[in-house]
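A quick write-up on the structure given underneath.
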Amino acid sequence: MAGGLSQLVAYGAQDVYLTGNPQITFFKTVYRRYTNFAIESIQQTINGSVGFGNKVSTQISRNGDLITDIVVEFVLTKGGNGGTTYYPAEELLQDVELEIGGQRIDKHYNDWFRTYDALFRMNDDRYNYRRMTDWVNNELVGAQKRFYVPLIFFFNQTPGLALPLIALQYHEVKLYFTLASQVQGVNYNGSSAIAGAAQPTMSVWVDYIFLDTQERTRFAQLPHEYLIEQLQFTGSETATPSATTQASQNIRLNFNHPTKYLAWNFNNPTNYGQYTALANIPGACSGAGTAAATVTTPDYGNTGTYNEQLAVLDSAKIQLNGQDRFATRKGSYFNKVQPYQSIGGVTPAGVYLYSFALKPAGRQPSGTCNFSRIDNATLSLTYKTCSIDATSPAAVLGNTETVTANTATLLTALNIYAKNYNVLRIMSGMGGLAYAN
């Protein structure tokens with residue numbers, strides 16, 4: 001008897017739980033037929049003058065039935081003496097707001113793009129995103145490069161939430177962009193403006209889905225309800241790390257709606273993307289002889305291999321209506337363990353997550369905390385003492401968890417984000433949110 005057959009006949013009572021009354025086979029491929037469709041990317045008309053510090057907008061044209069991905073293109077010129085650059089296309093896109101029928105649906109910020117990338121993109125996706133939005137660090141002054149910034153609104157992330165323009169006959173969909181007045185290494189060198197810096201050019205491309213007649217009619221005539229995600233951000237708080245003591249701070253969380261996670265970072269408001277004392281560097285802290293000019297260079301690879309000891313947060317906890325939601329945990333727990341348990345990625349130092357959901361990156365809801373039903377929510381923070389000479393990285397890494405480099409006192413902007421669920425209702429040619437703040 002063949003050896004495989006001996007395994008096959010070795011069948012007992014326990015096997016019933018695995019193979020009794022089988023529901024699938026691995027040896028017959030099953031597929032499903034899909035509705036006929038086509039996708040085309042079409043450039044939009046920009047209203048306003050594109051330039052540093054300006055605001056522009058675009059009204060999504062009615063070229064197709066649904067819209068999904070949106071990519072913003074910038075052409076930037078490396079300016080003057082160069083200066084340190086770090087994701088300049090992100091930095092330039094200071095914020096972008098989505099509006100339907102005059103109602104704000106969502107708003108994203110350049111720091112949120114950086115935080116989202118740090119938390120949710122993995123390996124090749126993160127590297128490819130960097131290629132789209134950052135210099136590769138060897139361009140000469142005067143070099144031009146075309147950058148691509150994909151938007152991350154709810155309908156940009158899955159075709160199942162594609163926005164049905166065909167059902168919004170009476171409401172327009174608009175995007176409002178605010179462009180930053182200063183971009184490191186483009187028109188600003190870290191301390192002053194770069195003379196003669198070239199203005200950016202900008203274009204907006206939208207992916208349209210064209211449906212076949214029967215499905216197009218259904219989308220146009222039937223009402224729709226979409227479970228969407230929104231970003232809540234109430235503005236930067238002022239962080240208060242100290243060079244002489246372990247300072248503490250309580251931050252009121254003014255959020256609403258069922259929320260699946262909180263994400264926060266401490267950043268240097270004059271150096272985009274710097275979330276640690278030494279500006280997020282991967283291998284520059286390997287020895288005591290590293291020059292200061294090297295250790296303050298941002299991590300272009302964004303590999304997340306740098307040490308949490310360079311971050312300013314010592315510990316944190318959340319309180320709901322005066323009750324501890326959980327015991328005080330170290331900052332490294334929110335940077336390492338929480339992302340590991342809920343997302344599975346490697347998060348750069350200085351970016352923190354607390355998830356109420358089992359799988360916060362998934363479209364399927366898997367847990368929330370309803371902040372609309374909480375009167376008083378507080379994020380309690382304790383900072384490290386920022387007292388060690390930043391020019392000696394080995395001294396920083398060789399010390400205790402409660403101290404860090406003196407340059408961590410520059411991390412004075414605290415950005416806290418909440419990602420919540422809401423319902424977008426579309427009927428009678430109009431769309432709007434089911435629940436307001």
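Don't overthink the numbers, they just go from 1 along the chain as shown.
Here the Cβ of each residue, glycine as well, is placed from N, Cα and C on the backbone.
If you look up Swiss-Prot, you'll see Asn280 (among others) marked as N-linked glycosylation site, on the strength of experimental evidence.
Look at Swiss-Prot and you will find Asn302 (among others) tagged as N-linked glycosylation site.
Following the DSSP three-state reduction, the secondary structure of Asn399 (N-linked glycosylation site) is coil. Here Swiss-Prot flags Asn399 (among others) as N-linked glycosylation site, drawing on experimental evidence.
Annotated N-linked glycosylation site per Swiss-Prot: Asn406 (among others), in sequence order, evidence recorded as experimental evidence. Secondary structure at Asn406 (N-linked glycosylation site), as computed by DSSP, is helix.
Residues within less than 8 Å, Cβ to Cβ, of Asn406 (N-linked glycosylation site) and separated from it by at least 6 positions along the same chain comprise Ala243, Ala277, Cys386, Ser387, Ile388, Asp389, Ala390. Cβ-based neighbour count (10 Å, all protein chains) for Asn399 (N-linked glycosylation site) stands at 16.
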